[in-house]
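As C-alpha coordinates, the structure follows; a few thoughts come after it.
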Amino acid sequence: MPIGVPRVRFQYRRDRSRVWIDIYNRLYRERCLFLAHVVESQIANQLVGLFIYLGVQDETKDIFLFINSPGGGIISGFAIYDTMQFVRPDIQTICVGLAASMGSFLLVGGAITKRLAFPHARVMIHQPMSAFFETQTVEAILEAEELLKLRESLAKVYVQRTGKPDWVIAEDMERDVFLSATEAQSYGIVDVVGVALASKG
(Lines of atoms letter the chains of each structure in order from A and count residues from 1; the text may use other names and numbers.)
(Lines give C-alpha, C1' and ligand atoms only; values in the text may rest on other atoms or scores of the structure.)
Protein backbone atom coordinates (compact mmCIF):
# COMPACT_ATOMS: atom_id res chain seq x y z
CA MET A 1 0.00 0.00 0.00
CA PRO A 2 1.52 3.37 -1.02
CA ILE A 3 2.30 5.70 1.86
CA GLY A 4 1.74 8.89 -0.16
CA VAL A 5 3.89 12.00 0.02
CA PRO A 6 4.85 12.85 3.62
CA ARG A 7 3.86 16.28 4.91
CA VAL A 8 5.86 18.47 7.27
CA ARG A 9 5.09 21.65 9.20
CA PHE A 10 6.31 24.91 7.73
CA GLN A 11 6.21 28.48 8.96
CA TYR A 12 6.19 31.28 6.39
CA ARG A 13 8.30 34.34 7.09
CA ARG A 14 6.44 37.11 8.91
CA ASP A 15 3.69 34.69 9.81
CA ARG A 16 3.42 33.01 13.20
CA SER A 17 1.03 30.33 12.02
CA ARG A 18 2.34 27.07 10.67
CA VAL A 19 0.96 25.03 7.79
CA TRP A 20 1.45 21.47 6.61
CA ILE A 21 3.08 21.12 3.18
CA ASP A 22 4.42 18.09 1.32
CA ILE A 23 8.06 17.29 1.95
CA TYR A 24 9.15 18.02 -1.63
CA ASN A 25 7.62 21.49 -1.48
CA ARG A 26 9.52 22.06 1.76
CA LEU A 27 12.79 20.88 0.25
CA TYR A 28 12.28 23.03 -2.86
CA ARG A 29 12.35 26.00 -0.50
CA GLU A 30 15.80 24.82 0.61
CA ARG A 31 16.89 24.69 -3.07
CA CYS A 32 16.81 20.88 -3.21
CA LEU A 33 15.22 19.52 -6.40
CA PHE A 34 14.55 15.91 -7.36
CA LEU A 35 14.62 14.02 -10.65
CA ALA A 36 13.13 10.70 -9.63
CA HIS A 37 11.19 9.92 -12.79
CA VAL A 38 11.63 9.22 -16.46
CA VAL A 39 12.79 12.42 -18.17
CA GLU A 40 9.81 13.71 -20.17
CA SER A 41 8.31 17.07 -21.07
CA GLN A 42 6.21 17.61 -17.93
CA ILE A 43 9.10 16.81 -15.58
CA ALA A 44 11.43 18.94 -17.72
CA ASN A 45 9.07 21.92 -17.61
CA GLN A 46 8.76 21.65 -13.82
CA LEU A 47 12.53 21.52 -13.32
CA VAL A 48 13.16 24.33 -15.80
CA GLY A 49 10.64 26.51 -13.97
CA LEU A 50 12.15 25.71 -10.58
CA PHE A 51 15.72 26.38 -11.76
CA ILE A 52 14.72 29.76 -13.15
CA TYR A 53 12.66 30.72 -10.09
CA LEU A 54 15.40 29.74 -7.63
CA GLY A 55 18.03 31.42 -9.80
CA VAL A 56 16.12 34.70 -9.74
CA GLN A 57 15.34 34.35 -6.03
CA ASP A 58 19.03 34.16 -5.08
CA GLU A 59 21.88 34.19 -7.59
CA THR A 60 24.53 33.35 -4.98
CA LYS A 61 23.24 30.11 -3.44
CA ASP A 62 23.78 26.75 -5.10
CA ILE A 63 20.87 24.60 -6.25
CA PHE A 64 20.97 20.86 -5.53
CA LEU A 65 19.60 18.35 -8.05
CA PHE A 66 19.19 14.82 -6.67
CA ILE A 67 19.01 12.25 -9.48
CA ASN A 68 17.52 8.75 -9.42
CA SER A 69 16.33 8.32 -12.99
CA PRO A 70 16.38 5.67 -15.73
CA GLY A 71 16.68 8.39 -18.36
CA GLY A 72 14.15 9.42 -20.94
CA GLY A 73 13.59 11.88 -23.77
CA ILE A 74 16.55 13.56 -25.41
CA ILE A 75 14.88 16.89 -26.12
CA SER A 76 13.48 17.10 -22.59
CA GLY A 77 16.92 16.25 -21.22
CA PHE A 78 18.56 18.98 -23.27
CA ALA A 79 15.96 21.48 -22.03
CA ILE A 80 16.94 20.72 -18.43
CA TYR A 81 20.68 20.68 -19.22
CA ASP A 82 20.62 23.99 -21.08
CA THR A 83 18.71 25.64 -18.23
CA MET A 84 21.28 24.32 -15.75
CA GLN A 85 23.98 26.10 -17.76
CA PHE A 86 21.84 29.24 -18.16
CA VAL A 87 21.00 30.07 -14.55
CA ARG A 88 23.57 31.95 -12.46
CA PRO A 89 23.73 29.70 -9.37
CA ASP A 90 25.89 26.59 -9.56
CA ILE A 91 23.91 23.37 -9.87
CA GLN A 92 25.22 20.60 -7.64
CA THR A 93 24.19 17.21 -9.04
CA ILE A 94 23.90 14.18 -6.76
CA CYS A 95 23.25 10.63 -7.95
CA VAL A 96 21.39 8.83 -5.18
CA GLY A 97 20.52 5.59 -6.96
CA LEU A 98 20.61 5.28 -10.73
CA ALA A 99 21.56 7.92 -13.26
CA ALA A 100 21.09 6.22 -16.62
CA SER A 101 20.97 7.59 -20.14
CA MET A 102 19.70 11.20 -19.87
CA GLY A 103 20.03 10.85 -16.10
CA SER A 104 23.80 10.49 -16.46
CA PHE A 105 23.84 13.35 -18.98
CA LEU A 106 22.23 15.64 -16.39
CA LEU A 107 24.56 14.31 -13.69
CA VAL A 108 27.64 15.26 -15.72
CA GLY A 109 26.01 18.64 -16.42
CA GLY A 110 26.39 19.84 -12.85
CA ALA A 111 28.96 22.45 -11.90
CA ILE A 112 32.48 21.08 -12.24
CA THR A 113 33.81 19.96 -8.81
CA LYS A 114 30.20 19.83 -7.52
CA ARG A 115 29.01 16.53 -9.02
CA LEU A 116 28.59 13.74 -6.49
CA ALA A 117 27.51 10.11 -6.42
CA PHE A 118 26.51 8.17 -3.34
CA PRO A 119 28.72 5.10 -2.71
CA HIS A 120 26.24 2.53 -4.08
CA ALA A 121 24.96 4.63 -6.98
CA ARG A 122 25.12 3.37 -10.55
CA VAL A 123 25.65 5.40 -13.70
CA MET A 124 24.94 4.28 -17.26
CA ILE A 125 25.76 5.96 -20.55
CA HIS A 126 24.71 4.95 -24.05
CA GLN A 127 23.71 6.45 -27.38
CA PRO A 128 20.24 7.95 -27.90
CA MET A 129 17.54 5.56 -29.02
CA SER A 130 15.00 6.11 -31.78
CA ALA A 131 11.86 7.21 -29.97
CA PHE A 132 10.69 10.36 -31.74
CA PHE A 133 7.91 9.20 -33.96
CA GLU A 134 6.16 6.18 -35.37
CA THR A 135 7.83 6.40 -38.74
CA GLN A 136 7.42 5.42 -42.34
CA THR A 137 10.45 4.86 -44.55
CA VAL A 138 11.24 8.48 -45.50
CA GLU A 139 10.51 9.72 -41.99
CA ALA A 140 12.77 7.02 -40.57
CA ILE A 141 15.67 8.34 -42.64
CA LEU A 142 15.05 11.90 -41.47
CA GLU A 143 14.78 10.70 -37.89
CA ALA A 144 18.07 8.82 -38.19
CA GLU A 145 19.75 12.02 -39.38
CA GLU A 146 18.30 13.97 -36.46
CA LEU A 147 19.38 11.28 -34.00
CA LEU A 148 22.91 11.43 -35.39
CA LYS A 149 23.00 15.19 -34.75
CA LEU A 150 21.70 14.71 -31.22
CA ARG A 151 24.20 11.92 -30.59
CA GLU A 152 27.01 14.24 -31.67
CA SER A 153 25.71 16.94 -29.32
CA LEU A 154 25.56 14.49 -26.41
CA ALA A 155 29.06 13.21 -27.14
CA LYS A 156 30.43 16.76 -27.34
CA VAL A 157 29.09 17.56 -23.87
CA TYR A 158 30.53 14.33 -22.39
CA VAL A 159 33.92 15.13 -23.96
CA GLN A 160 33.92 18.69 -22.60
CA ARG A 161 32.76 17.78 -19.11
CA THR A 162 34.64 14.51 -18.49
CA GLY A 163 37.92 15.32 -20.21
CA LYS A 164 37.80 12.00 -22.07
CA PRO A 165 38.96 11.88 -25.71
CA ASP A 166 36.14 11.99 -28.24
CA TRP A 167 36.98 8.51 -29.53
CA VAL A 168 36.54 7.03 -26.03
CA ILE A 169 33.13 8.66 -25.62
CA ALA A 170 32.07 7.58 -29.12
CA GLU A 171 33.11 4.00 -28.44
CA ASP A 172 31.44 3.82 -25.02
CA MET A 173 28.19 5.29 -26.35
CA GLU A 174 27.87 2.39 -28.77
CA ARG A 175 26.59 0.15 -25.97
CA ASP A 176 25.20 0.34 -22.45
CA VAL A 177 28.13 1.10 -20.14
CA PHE A 178 27.37 0.74 -16.42
CA LEU A 179 29.69 2.37 -13.91
CA SER A 180 29.97 2.19 -10.15
CA ALA A 181 30.29 5.44 -8.22
CA THR A 182 34.09 5.19 -8.11
CA GLU A 183 34.24 4.25 -11.80
CA ALA A 184 32.04 7.26 -12.62
CA GLN A 185 34.49 9.41 -10.66
CA SER A 186 37.46 8.01 -12.58
CA TYR A 187 35.55 8.54 -15.83
CA GLY A 188 34.95 12.20 -14.98
CA ILE A 189 31.16 12.05 -14.74
CA VAL A 190 31.27 12.91 -11.03
CA ASP A 191 33.92 14.64 -8.97
CA VAL A 192 33.23 13.17 -5.54
CA VAL A 193 31.95 9.88 -4.16
CA GLY A 194 29.95 10.48 -0.99
CA VAL A 195 31.02 8.54 2.06
CA ALA A 196 28.77 7.02 4.70
CA LEU A 197 28.53 8.80 8.02
CA ALA A 198 30.56 7.24 10.78
CA SER A 199 28.51 4.86 12.87
CA LYS A 200 27.28 6.27 16.15
CA GLY A 201 28.75 5.15 19.42
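Backbone N, Cα and C atoms are what each Cβ position is placed from, and that goes for glycine too.
Not measured: the values here are computed from a predicted model.
Annotation comment: Swiss-Prot describes S101 as active site, nucleophile, evidence class similarity to another entry. What Swiss-Prot lists as active site is H126, and the listing cites similarity to another entry.
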Neighbour count (Cβ, 10 Å) for H126 (active site): 17
Three-state secondary structure, which DSSP defines for the residue listed as 'active site, nucleophile': coil
